[in-house]
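Heads up, the thing below is written out as structure tokens.
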Amino acid sequence: QIDPKDYTFSGLKDETVGRLPGKVAGQQFVIQDCENCSIYIFDHSATITIDDCVNCRIFLGPIKGSVFFRDCKDCKCIVACQQFRSRDCRKLEVFLCCATQPIIESSTGMKFGCFQYYYPELALQFKDAGLSIFNNTWSNIHDFTPVSGENNWGLLPENAVVQDYVPLPSSEELKAVRISTDATRSIIPITRGRRQKSSDESCLAVFFAGDYTTANARKLIDEMTGKGFQLVQTKEVSMKAQDAHRVFQQCASEFIPLLEKGPVVALEFNGDGAVEGCQSIINDVFSGTKVFVSESKASASQDVDNFYNFADMQMGM
């Protein structure tokens, strides 16, 4: 028998509370009427609602469905979810991983950054919640109630440090979780999203499904960012033969047989020389692996547009 009290934090003040990995195990969770608290859910859940919280610091592990903030103000959060919604909120700062377009309504002073966090159980929790680490539209916010001449939301500073917003837990029980907020260890690849690109040259790389797809994609990200290129966006999505023709054009036939194995992982890099840089890393490091890479600077931006337009239609964005 499930006791709702085990899945609720209500009416707390000046406290540090949380749930360890394995303690929520896909249930719904409710957080309400908390003030000046540090709250950590180090597990995956079905849905989470956060109501009437003030000046709280909140970490929420992967949420299979939606997270809904209502009537909250001055909160700093780290959140991974399928859907993000806020209504009647003021001044929320959120490091977000969201599989669909985040929605704000009647909310002001909202700031968003890219989710960055690591602890050993987190990768499996993403899987259990049915979330891909590559599907993160954190900066593509939809404001349901825009006010002309005003902006209800913006992006956190590029150099924002997660720990300055949501510090590591101070309670003995929660210290057992082996957390790293080092950006290079983040379970979610850190993307620029809608931030200004540094160059007019982008490059698309697409890995096909297999045992090492995730590891290969992460390796390429490390190699490219190590050379100063920027990761703009990532996507994991299933493709059919007709999609391959649209995206890969004349090379489609060599990739179509690979699509039956499962979804592809696409990465967009940006920076002067990105295409050449990406091609040489693919040749050196992934010589035995079939990878689609933009052929030239001229075709690359079209590759990126073709792929992400297709992916957004697939995801129903």
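Each residue, glycine too, has its Cβ placed from N, Cα and C.
Computed from a predicted structure; not experimentally measured.
Residues annotated as domain 'C-CAP/cofactor C-like' in TrEMBL: 1-146. Residues annotated as GTP binding site in TrEMBL: GLY65, SER66, GLN82, GLN83, PHE84, ARG85.
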Same chain, 6+ residues apart, C-beta under 8 Å of the C-beta of GLY65 (GTP binding site), given in sequence order: ALA46, THR47, CYS81, GLN82, GLN83
Pairwise C-alpha maximum, in angstrom, for the residues (GLY65, SER66, GLN82, GLN83, PHE84, ARG85) that bind GTP according to the record: 11
Helix-strand-coil residue split for the domain 'C-CAP/cofactor C-like' (1-146), DSSP-based: 11 helix, 73 strand, 62 coil
